[in-house]
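Taking it in order: structure first as structure tokens, then the write-up.
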Amino acid sequence: MSPELYNIFYESHRGSWAILIILFLVSYFLIKAGKGKAGKILHMIVRLFFVIMLITGAGMLVYWQFAFLFIVKGVLAIVLIYAMEMLLTRTSKGTIGQQARIYWIVFITCLVLVALIGYNVISF
């Protein structure tokens with residue numbers, strides 16, 4: 001893979017994460033406020049960004065030849081995506097209950113770890 005292609009994946013990945021987190025939070029609070037239709041539209045856009053994250057992340061994983069640290073980051077990112085999806089889906093259905101606290105803890109923990117690994121603060 002050429003460095004130019006890697007740069008495209010990297011910039012798309014990094015910028016899309018910021019947009020994804022903002023859209024996720026807006027969608028969540030719209031759903032909590034009872035504005036279901038607007039929340040559902042944003043939820044669909046969030047799902048599109050999930051796909052973008054997975055494709056660009058896989059491209060970068062290939063570039064780095066499946067280094068262990070980036071495999072760990074990928075697994076954490078998938079858990080993060082799962083937590084975001086469960087928070088949005090179960091909140092909109094009204095079935096989140098006591099599990100909301102657990103999903104928020106998983107969301108925040110994975111988000112911090114993925115960001116720290118992504119910006120090379122954590123490395124091994």
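Using the three backbone atoms N, Cα and C, a Cβ is placed for every residue, glycine included.
Look at Swiss-Prot and you will find 15-35 (among others) tagged as transmembrane segment.
Residues or ranges marked as transmembrane segment by Swiss-Prot: 40-60 (among others).
Swiss-Prot lists 61-81 (among others) with the feature transmembrane segment, giving sequence analysis as the kind of evidence. Within its own chain, the transmembrane segment (61-81) has Cβ neighbours under 8 Å at 1, 5-6, 9, 50, 53-54, 106-107, 110-111, 113-114, 117-118, 123-124, counting only residues six or more beyond its boundaries.
The transmembrane segment annotation in Swiss-Prot covers 102-122 (among others).
Counting same-chain residues at least six beyond the ends of the transmembrane segment (102-122), those with a Cβ under 8 angstroms from any Cβ of the stretch are 14, 17, 21, 69-70, 72-73, 76-77, 79-80, 83-84, 86-87, 90, 96.
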